[in-house]
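**Q** Questions regarding the structure given below will be posed in turn.
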């Protein structure tokens, strides 16, 4: 199967990528795979099936010529990666699950710390509370760190999605619709995350101001509630960011090079602003504050406000100059 797919991809490598040619590629690949499956079921070997399939479909170049599609010079056309629907769906799902597991890892660490503090609050009633608390903390700490390490390693498999790739217009429209549809869920997750973080103060205050629960128990419960809130943040944030990454790095095949060049210009401008412009603003802030001194410290923060206001203007000037 992989040989057939590689064969079709190689044939279309120098074909101008449009919705029409991409659909033609997918149709040819589907027909060849169906024929391959039929031959395998009839008792043909894998090599025989591949040879027959390629021979029966003949010269794809003739089909392209009949459709009026001319192949471009392979020396001129760069082999840009194309993300198909399956690859895009895989990334969206992988990022969401990554966010969930990262949140679970953080929650596990905070649960372990919370349990340890809770048992510390029970030392007066349970003699072995300190030992039990430390053991539970270590167990949940190992689970949490393991989840974070695993997800960090899995993130390396998604690096290709953070580079420019071809995204056909119909697939871009679908991703944009999915992003719009997810905005409500994203907003709800943020609200729930913030709510849990705010509510986490209740057990802490009960432990500090009342005798209903020990202080350490209230502190432990606060950490657990914060962990639940953080899990909402990481899950929804990663899921929403996945749509942004696809739309930002996915380029229209008809003006791929122009969009990539525009991205490179923006990156250069951002680098100048982050590495040169803002450090200069910080130096101006401290230098003027120390030199002038006195009451100037009370309102010298306005320098940062002015710096932020000028940043947009400077970026616009760079864009116009480019």
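Cβ coordinates come from backbone N, Cα and C, glycine included.
Keep in mind that TrEMBL annotations are predicted by a computer and have not been checked by a curator.
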**Q** Would you mind telling me which of 276-293, 294-311 TrEMBL tags as transmembrane segment?
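**A** Checking TrEMBL against the ranges 276-293, 294-311, the transmembrane segment one is 276-293.
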**Q** Match it up for me: which of 131-150, 151-170, 251-270 does TrEMBL list as transmembrane segment?
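**A** That would be 131-150, the stretch labelled transmembrane segment in TrEMBL.
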**Q** Transmembrane segment per TrEMBL sits at which of 80-101, 212-233?
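**A** Based on what TrEMBL states, transmembrane segment spans 212-233.
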**Q** Please work out whether the transmembrane segment (131-150) lies in contact with the transmembrane segment (102-125), by counting C-beta pairs under 8 angstroms that are 6 or more apart in sequence and asking whether there are at least 3.
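**A** Touching, yes - the transmembrane segment (131-150) and the transmembrane segment (102-125) meet the threshold of 3 or more Cβ pairs under 8 Å.
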**Q** Near the transmembrane segment (102-125), which residues from the same chain, at least 6 beyond its ends, have a CB less than 8 A from one of its CBs?
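**A** Long-range Cβ neighbours of the transmembrane segment (102-125): 132-134, 136-141, 143-148, 151, 207, 213-217, 219-224, 226-228, 230-235, 238.
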**Q** What parts of the chain pack near the transmembrane segment (276-293), using Cβ distances under 8 Å and only residues at least 6 beyond its ends?
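**A** For the transmembrane segment (276-293), the list is 300-301, 303-304, 307, 311, 314.
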**Q** Would you mind listing the long-range same-chain contacts of the transmembrane segment (186-206), meaning Cβ under 8 Å and 6+ residues beyond its ends?
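**A** Answer is 212-213, 217-219, 221-226, 228-233, 235-236, 239-240.
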